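Have a look at the structure below before the remarks.
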Amino acid sequence: MAKNLILWLVIAVVLMSVFQSFGPSESNGRKVDYSTFLQEVNNDQVREARINGREINVTKKDSNRYTTYIPVQDPKLLDNLLTKNVKVVGEPPEEPSLLASIFISWFPMLLLIGVWIFFMRQMQGGGGKGAMSFGKSKARMLTEDQIKTTFADVAGCDEAKEEVAELVEYLREPSRFQKLGGKIPKGVLMVGPPGTGKTLLAKAIAGEAKVPFFTISGSDFVEMFVGVGASRVRDMFEQAKKAAPCIIFIDEIDAVGRQRGAGLGGGHDEREQTLNQMLVEMDGFEGNEGIIVIAATNRPDVLDPALLRPGRFDRQVVVGLPDVRGREQILKVHMRRVPLAPDIDAAIIARGTPGFSGADLANLVNEAALFAARGNKRVVSMVEFEKAKDKIMMGAERRSMVMTEAQKESTAYHEAGHAIIGRLVPEHDPVHKVTIIPRGRALGVTFFLPEGDAISASRQKLESQISTLYGGRLAEEIIYGPEHVSTGASNDIKVATNLARNMVTQWGFSEKLGPLLYAEEEGEVFLGRSVAKAKHMSDETARIIDQEVKALIERNYNRARQLLTDNMDILHAMKDALMKYETIDAPQIDDLMARRDVRPPAGWEEPGASNNSGDNGSPKAPRPVDEPRTPNPGNTMSEQLGDK
């Protein structure tokens, strides 16, 4: 930044000097008005007058000098001067030099060209590559000294590591494979959800292989100029040929490798040209021996089939979400840099985090360390890991949000309805935690934690989920009446409706329609796929689908209503527990469902005489209630956005 400022200052000084030297020179001496000059001529005080256009340099008889200017053409001036014996000297007008004329005429164009070059250099990354380097590859070559990641830093994806380990062995000992006639795959495509470690695995390959490693993003190819993408692909492979054997890693390849065909607008032509060049370079007329292309994407469905065929990306490595054993290994890798308390058990944390990716687990360990740092602790304990898990799963607490007692009570009934139905219906995930503390965008959260990694779901389990989703709305309706039901169940209704529609149209859970696929692909339109969609069902079939979805919803809605009506004592008791403790866990829910006195949550400190429930002791055991409580008109708009 300082160098650029100095450069511009030097340029400004030079330009000012040039204009100063090429500009008209100012006359030395004082200036006198023309009338005074004429008066002195008439008084015979002037000895010499040098006339240069309208400027007159005057020398008086007493040797004083001054300059005056003729305001208008005066035809009598010359006669008057000669009459008074004034020496008249004529001087030619001052003309600029040829160099100055050329410079002044070309300066605006040169300035525009200079500004254009400056901005082009800035767009090329700071001006270090030259103004015409658009077609040069942006791939960065990393040497073995720059990459410290190894397979020891990658955990939770043993099968994927075994697949890519062959690449490393080939690069180290190619003769071992060649003598048996084997050929190493030219390309490996790593596929998996976001955060599962695809890029980390590529770094580990580079660290283990000890060969040059070129890395580039799929979005670095296509830019504002036509032909830049294809040129960069050619240049990248030219560089790789010079450094072979080597590895090229293309992250997020779906940015440039999407399926060719009709798309939106005409901008896809440049991307297709780039893709065509990549197809030729990977397996075209000229071979690229010793170059292995590794790519990563989380959208393999949009890639062009020609890119996925053998000879280009021969092997697809699925890097999926880790299972419980993989999560434990990942946690141990990230825990190596954190001082841990003796009570830390990675296996317990792994069992409580189903569905977490490697990035989620890394974030979990980091959040736990931050919680410990806020508490001025020297080690990280299980308490911090529980707080971190709740924050990631349910959102950050918003204790500063002001809620009235009526809103808290409505939220407590809503969340209690979810929890009770979740405990009473079959095959439902266990209730892990219920809270009325606002978290994220929700005023309250009921969190269900699966006991293991979910692979598939039965029809009974899905219907239980629908019943549980409507438990919150039904609790409000039963307690306060239909006219006081809030909008807090909007997200629950959306999720339940989508679940029921999928059961009918995709999973064959309708006796009337049978095991047929009725759902149309509803993915977003993207470049490389046709915009037009064909209709695959008649209007009558669509009407039957709507009827089946509605019947499925109503059946589970009525089941949830009956369960809540039969357990009103538990509903009121759970509301009281939530109003007092704000957050209850599985042990408190077990006490409530067993109609026992509720034990305080772990770490609970009695606040004294003041508490939300108006009772200093623990909430009492549920007791049968014959009539619903009086509706509270102050909670008609309690919004639990995304409360489940």
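The backbone N, Cα and C atoms fix where each Cβ goes, and this holds for glycine too.
The Zn(2+) site recorded in Swiss-Prot includes His414, His418, and the single candidate from Asp323, Asp343, Asp345, Asp492 that the record places there is Asp492. In this structure, of the binding-site residues Gly192, Pro193, Pro194, Gly195, the smallest number of CB atoms within 10 A of the CB marks Pro194.
Of the binding-site residues Thr196, Thr199, Thr196 has the largest number of other Cβ atoms within 10 Å of its own Cβ. Averaged over the topological domain 'Cytoplasmic' (120-644), the predicted model has a pLDDT of 81. DSSP classifies Pro194 (ATP binding site) as coil under the three-state reduction.
Counting only residues at least six positions away in the same chain, the Cβ atoms of Val154, Gly156, Cys157, Val319, Ser357, Gly358, Ala359 sit under 8 Å from the Cβ of Gly197 (ATP binding site). Take the CB of Lys198 (ATP binding site) and look out to 10 A: across all protein chains shown you find 26 other CB atoms.
Those residues of the chain, other than Gly192, Pro193, Pro194, Gly195, Thr196, Gly197, Lys198, Thr199, with a C-beta within 8 angstroms of the mean position of the ATP site C-beta atoms are Ala296, Asn298, Val319, Ser357, Gly358, Ala359.
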